[in-house]
Amino acid sequence: MTQSNLTTPDKHHGGIRTVTEEKLMVAVRVRPLRNDEGPRIVHVVSDKMLVLEEEADSRRDVLRQRRLNDKHYVYDRVFGEDSTQEDVYDTVCAPLVGDTLRGFAGAVFAYGATGAGKTHTMTGLMSRALNHLFTSIAESEHKSHEVKMSYIEIYNENIRDLLNPSAGTLELRDEGGSGAPVVAGLSEVRATSAAHVAELLARGDRARTAEPTHANQHSSRGHALLSVTVSTEVEGGVQRGRLFLIDLAGSERAGLRARRLEGAHINRSLLALGNCIMALSGGARYVNYRDSKLTRLLREVLGGRCRTAMVAHVAPGHAHRETTRSTLHYAQKASSITNRVEREMVETPMHLSQYRTVISELREEIARLKMKMKDDRTRSKEEHHIEEEVNKEDAAESAAHLKSLREAIVSTFKQQMRLRRRLMELDSHLLGLALDAERQHAAISHWEARFNRLYKPINMPGSRLSTQQSYRGGTGLSTSSSERAEAEVAVEQAWAELAAVEREQENARAERERVERQLEQVRLRGAQLEQELPARISSGPEREVLALVCRVHELEADKLALQGERAARAHELRRRDLALQRRDAQRRLSDEIITRQRRTLEEMGIGVPPELAQLYELYQQEIHASTYTESNDIYTPPYRLPPISTSLSELTWSESSSGSGRGSSSGSGGTLALDHRLPRLAPTPRPRTRYSQASAATMKRYASDDSLVMVAPRGGDTAAP
Ligand SMILES: Nc1ncnc2c1ncn2[C@@H]1O[C@H](COP(=O)(O)OP(=O)(O)OP(=O)(O)O)[C@@H](O)[C@H]1O
């Protein structure tokens, strides 16, 4: 990454912020030649140059013509076939890890055709980068680092959470203001050690979509994006560094029918990426990132404040000439992209009410100080000449004392601000922890709902032992062993996370109490010092100093007000996301309960009481109305209540069934036949939006899922027993 420029004052933090303009670092890695790829056409000439052999136009003077046609490419770095994973890591990635710890954003992305070696490189980089990160943290003087990671896959333009694959497809939302899109509902896992990270990565890699292609037996069919965030408490806020490691899917020409859609999506997103690279390299003022989810997500990496490295991959054999040429061309274009790299310093997000309290306290302080100045001015007019006479000999001593008093006031004010800030950080941290805990509870409930379904001995919710045992001991439902294993891992992980969160909550509360006590002491001291002021202030310059202190208070209050609004918005978004997830989980659970109840009624041959039938119908309509809207961008339910089989709707509720202890009563005996039929469902409307299309597909899936379809009893038009 070639650096140029410049250092600017950091308005927000009173310090110096370094802003550098840097070119994207471009490296090319050539993987070893395989037997089935024809002769070698790529030759690494030096660690910065390679040559692509071109075909001669005629058979005469082949050698000479080749030499003329051969194309030389120069990059920041070229890795030959015998390069090791360490070589690539040390050159490309290691510097970015150091930057991440210092609050910068860095990214490495692997580009190239299918089978060219992207995943090979990125797997090596990911594990090395995270190990390096934890080693550096252990050696660092700052002990307040927090590492969080998320891992997603974009496959067929759908975003999946590789650390929580059961969450389904996630939405990409544009967050107002910052411009950086947000993946709603994405799990950010707190990573505690290198071993923990290795386990998370392995889990994520297993969840990736891979299939054989003509060029690669284990081809990754989606783009994988690993994001690691390191937050470090520093004076004045939290410094946040981010590292993105991106393994792009490889384009492929094969026309296999089954892979056409997938290929189209991969090519579309890579084309969009290529277009962005071309636009950025040409210095275009407008770059269209919106053509694919990949480019929307990579906006920051390509044209933002990120220090970025691209590792282009090529296969050296003749069979891949066209794709190799195209990769080398894009890589060359990419080397002229420049990013404006900045250290990211974020004020810890805090709840608005916390800001309000501090702001009103500051304003009170300002008002009090102003009063003092006024009082003093009045008094000094009246008493000025007397004071001058009486204290002439003490003037020098008084000035020195006043100076130290002023310094003590400013210093206690600074201490107060630092402690208040710390308090707000801790409150915010506690809020975040509460959200984390909720998230873990939601994950546990999710698996409970899937595995402990309804007709088994009920475990007390929240009981760790019972939940964990239920996965080991069996639930009595037929679930595959791989699903059970997945559940077991997920639940254990969630409980472990929850325990860590609870420990952290205890620590944060203890720390909060300590800071609160300190703050009280400092405030008392400040109040005592201010008591001395009216009697002491006698000169214009001293009054000016006091006015300045007021101004500092005012500015601090305004700044906090702005931060408060921003933080409140971010917090509200997070809260809504979580609420949506929970509603969705509750809805799914209700659907499941209703479906199973109806199925049981049917299997046992019990008719449906009319009131219940009406409720079923209302529920069905309600679900339909709330999920079937034309522009429902925010909430796409992954499940729909399955359609009720027509024959079931013709079941009647029979009074006579009460004799066998199954039915319930109303009216006179006998079959209530047609008057109390289960209401028919409203006809399924034609899908109009992509969401409703997805829902229609989901309905279809339900209909073909044996475990969920309700089958009416054989024979007979009505099923009354
Ligand atoms: N530098 C290398 N040294 C040794 N083997 C390599 C190297 N690069 C790639 N390979 C091997 O080549 C094969 C294809 O590599 P890989 O899966 O990384 O390709 P890819 O570019 O990620 O392909 P796709 O886009 O289809 O996922 C793998 O078997 C991998 O182990």
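Any Cβ shown, glycine's included, is placed from N, Cα and C.
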Of the residue ranges 113-154, 491-532, 575-616, the one that TrEMBL records as coiled coil: 491-532
Contacting binding-site residues for ligand 1, chosen from Ala113, Gly115, Thr119 when the Cβ sits under 6 angstroms of any of its atoms: Gly115, Thr119
Candidates Gly112, Gly115: member of the binding-site residues with the richest Cβ shell (10 Å): Gly112
Neighbour count (Cβ, 10 Å) for Lys118 (ATP binding site): 27
DSSP-derived class (H/G/I helix, E/B strand, else coil) of Thr114 (ATP binding site): coil
DSSP-derived class (H/G/I helix, E/B strand, else coil) of Thr119 (ATP binding site): helix
